[in-house]
Amino acid sequence: MPLSTSLLGKTSTYKDSYDATLLFKIPRINNRNALGINSNNLPFYGVDIWNTYELSCINKKGKPWVGVGTFYIPTDSENIVESKSFKLYLNSFNNFVVESVEELERIILQDLSNVTHAKVTGRIFPINTKIAFGVPSGKNIDALDIVCNNYGPPDNSLVEYEEVLVEEEINSNLLKSNCLVTGQPDWGSIVIKYKGKKLKHDSFLKYLISFRNYHEFAEQCAERIFTDIKNAIKPDFLSLYIVYTRRGGIDICPYRSTDKSYSLPSDKRLIRQ
């Protein structure tokens, strides 16, 4: 279905009964083709991590339950889920009676797997689970004194490097782009870990800032950045993790890595989540 038929950017009515058809799929292939990414031979592994903070249902006695969920959509899924449709879908459980939290978890995982055409994993937690705030790992480059005059479209010529091999981890909290349809801002903290030619931190920060007025979905921004770095420095290893702030009760955190046996970063929330 074309994106114009989705509920994104439109006035919506919240349904008071569970409805899996609310989930709206967006094929990954269109954006990947534009980036020169072969969907049958992806240059990365990883997941899109969806954290959901507005999750509720009713038990058999009519008593409401609330919780939070974390769901992992693999990068080799055929589709992603449009975020507003996911919000409306989750809220359709508000008056839905379930036997247990495990049943709710099973239903959601099955529905997400069906719409993405991949095996989605995840867990649902009670809200009294204690979670500490973390900080992005690596060296922060935001304090660099640079002059910026490009806020979009992203300029991959700014991904400059030095002819010296390094292994380093850098991060920035200055990433911002905008929803492709609504124009709402997506604020993100990004962590780049790589082994290869040394990125010039000042020009790379300018590159990240060049997304500021750009309109693209979060997952697609992540793959654009990953591709631009990979094409520029041809690293022996590269991983990218973006933690986006919460919008509509959901935050999306894409992770991409050249390492098939990757380990996910710490799941500690950052202060802006």
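All residue numbers here begin at 1 and follow the chain in the order shown.
Backbone N, Cα and C define each Cβ position, glycine as well.
The Cβ neighbour count for SER83 (substrate binding site), using a 10 Å radius over every protein chain in view, is 24. Secondary structure from DSSP puts SER83 (substrate binding site) in a helix. Here Swiss-Prot flags VAL81, GLU82, SER83, ALA218, GLU219 as substrate binding site, drawing on sequence analysis.
Among the features that Swiss-Prot reports, NADPH binding site is placed at SER83, LYS84, ARG247, GLY248. Listed in sequence order, SER83, LYS84, LYS87 are the same-chain residues at least 6 apart in sequence whose CB falls under 8 Å from the CB of GLY248 (NADPH binding site).
The feature active site, thioimide intermediate is assigned by Swiss-Prot to CYS179. Following the DSSP three-state reduction, the secondary structure of CYS179 (active site, thioimide intermediate) is coil. Taking all protein chains in view, 18 other C-beta atoms sit within 10 angstroms of the C-beta of CYS179 (active site, thioimide intermediate).
Sequence-distant neighbours of ASP186 (active site, proton donor) (same chain, 6+ residues apart, CB-CB distance under 8 A): LYS176, SER177, ASN178, CYS179, ALA218, CYS221, TYR244, THR245, ARG247. Swiss-Prot lists ASP186 with the feature active site, proton donor.
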Around ALA218 (substrate binding site), how many other C-beta atoms are within 10 angstroms of its C-beta?
21
CB contacts for GLU82 (substrate binding site) [other CB atoms within 10 A, all chains]:
23
Looking only at LYS84, ARG247, which of these binding-site residues has the biggest number of Cβ atoms within 10 Å around its Cβ?
LYS84
When you look at VAL81, GLU82, SER83, ALA218, GLU219, which the record names as binding substrate, what is the longest CA to CA distance in angstrom?
11
Should ASP186 (active site, proton donor) be counted as helix, strand, or coil on the basis of DSSP?
strand
